[in-house]
Amino acid sequence: MSEIGGALRDFRQMLTWRDVISVLTIALIASITWFSPPASARTDMAHLVLPANGATTSIDLNRFMERLTSDRNVTDPAQLIDIPSSEFEPVASTAGPGYTPRVIWYRLAFSLTTPQGNDISRAFIELGEPYLNEIRLTVIDDETRNVIWKNVVGDRIPNTKDSLISLRHLSEWPDLPSGHYWLMIGVRTNSAHVFHAKLYPEAELVSDTEEHNLVESSFLGVLLIGFGVYLTFGIISRDKSVLWYSGYVLSVFLFNLGTSGYAQLLLKGIWPLASDLITGTGTAFAVGASVAMWTHIVRLDHYNPVLFRVMMAFSIVAMIGSVTAVSDAYIYFTQIFFVPNVILLFTLLMYLIYVSYRERRLASNSFFFIALALPTLAANIHVLTLLGILPITAFTTKVYPLSSSIHLVMVAIAMAYRTQRLTYNWTDAHQTNARADQLAGEQRTFITMLSHEFRTPLAIIQRSAEILGLHLSNEPAPVHSRLATIRGNAGQLSGLVDAFLTKETLDSANFTTSLQPTNIDQLLRDLINRRNREIPDQKVSLKNIDFAIVDIDRILFERAIINLIDNARKYAPDAPVWVACNRSSNGFVYIRVIDAGPGIPIDDLTNVSNAFYRGRDAGVTQGVGLGLHITNRIVQSHNGSMSISVGETSGTTVMIKIPYNREETVKASRQNFFGLAAPHVSRKKPRTQDDNGAPS
């Protein structure tokens, strides 16, 4: 919200909080005025009189049509003639039957005049909506009660060679002699019963169809492009609001693909249920994606995590409801989810107002109040109309598509600003990271150079102190003590230089390991024996050493083990240290360095392998925090891992896990069993590393 509010600061001068209240109040008053209770249904409908040579202009048949409201079981359309008008209601400006699996019947009485001349033009009846499954038309002679003409259209009715291919359901008006007739229409669908019928002369139908097709195809094209653009931006920026907005645009595209008639036009020949699937999926996705999108825009997870999870669960379940699109179960889906969807959108609007008021951001968020309030109000009208509560009028049928278009545009503007801000932040972060990498590289170069410059003088100081000790063997004890201090401190500084150089080597992009098959138990024995000779009082011993051949860089791996031993002796100088090595059948060797010291504090365990990290109790101990970090990096370069644990009372165990060479291990074991020496394999296999330090 903060990014969007900053990006939309230009709207603060255009829209104030009072403007928002005024707009919503006017819209509410207009809706109440429009939806005032309709007049009582007429008992006698206006009689339609048509010229025998066809309609000369388009005629809205809904104005002359009645809808059967009772639950009569009609098996023959002719039965509708004798049903009293009290069981019918006008179609125009009345509420529809909503969602129902039963057949809804309509009747219309009309007369044909005597033709004037021989000029008979063609006329067509257009029926909607395009998502209606089955529409049966029957023309009955009022006097004889005989069926004069009948036809059936719908998105589930397969096309025939005589079918009129169009976005909308069309049927050619029959050529009838003058007289009195009834037009009976039976509609069955698993969608909302929003029905209209219109009679067109041929010339006007062609003109209107071309205009309709152009508008619908252009709108669908814009939606499809918008979906691709915002999906791409959402994936690149990893912004969930943008991703959910792209999902909402996709749902509007699918919904309009079905309601425009393109779905049944293009896919009915392949699968008769395709139009229902696309329309129902678009509706279900719109219900879910709209709630999910606004929960992320409002940042509901930040203010109320429980309500956020409830709304996201509703969104996911609603989108799963798309599986009901091709069956009558879709009727129950709409009845269950439509009203809660409106309630949740209204709740999000109230939450947006509350958060904006609390954070004093009413002016900057006024754009979002309108972007959310308009479709919420329109969704209320749309849902109540589909459910058969509000009358079907030009306003109630057009308000939702119009508000959805406005909503798409307004949110698209907001998402464009948001994407622009995210792009700017990403570019700035990229430049900052590049600069940081450059500085880090310069720092590494400087440290490496400085370490090399220190190494030679330190070696001279150490060697000079040793030579002085030999030449001054007869000097008193204080002199030898001072010489030992010089050698010790020079050695510590030399070790520090080696640590820095090792770290920079491991961090270098050109770092490679020189692997060779090595007897791990012999390497550990030689290493411990050598260390015991160099430092007799270090108290390091071996136990439970298993045989295995491992592919390692011997120099680096010895450095890793020495770091662990030195680290244990540094923090527990008088405690014994054990080194164990066990081979497992899972293909790994486990090397443990165990000490009986005070142990590492629990709070430090997750950080001790980080570079330059020192524990809370490390203030009195010399070091810079590189030992465990270097060991971990070396182990990772050998496709291994390192873990650290502490005992219940004291002591620390550092475990190294690396893979061993099964083939060489088995081969060497057999040779040892028969009394042969294990062959020394000297071949080297260079292996490069990726940026994470793991061999590739």
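Backbone N, Cα and C atoms are what each Cβ position is placed from, and that goes for glycine too.
TrEMBL assigns the feature transmembrane segment to one of the listed ranges (269-294, 555-580), namely 269-294.
Against the transmembrane segment (306-326), stretch 269-294 has more CB pairs under 8 A than any other of 218-236, 269-294, 367-393, 399-417.
Residues 242-243, 245-246, 249-250, 252-253, 256-257, 260, 262, 405, 408, 412, 415, 419, 422 of the same chain lie 6 or more positions beyond the ends of the transmembrane segment (218-236) yet place their CB under 8 Å from a CB of it. Tertiary neighbourhood of the transmembrane segment (269-294): same-chain residues 130-131, 133, 155-159, 190-191, 241, 244-245, 247-248, 250-259, 263, 311-312, 314-322, 324-326, 330, 333-334, 337-338, 341, 344-345, 348, 372, 375, 411, selected by CB-CB distance under 8 Å and a gap of 6+ residues from either end.
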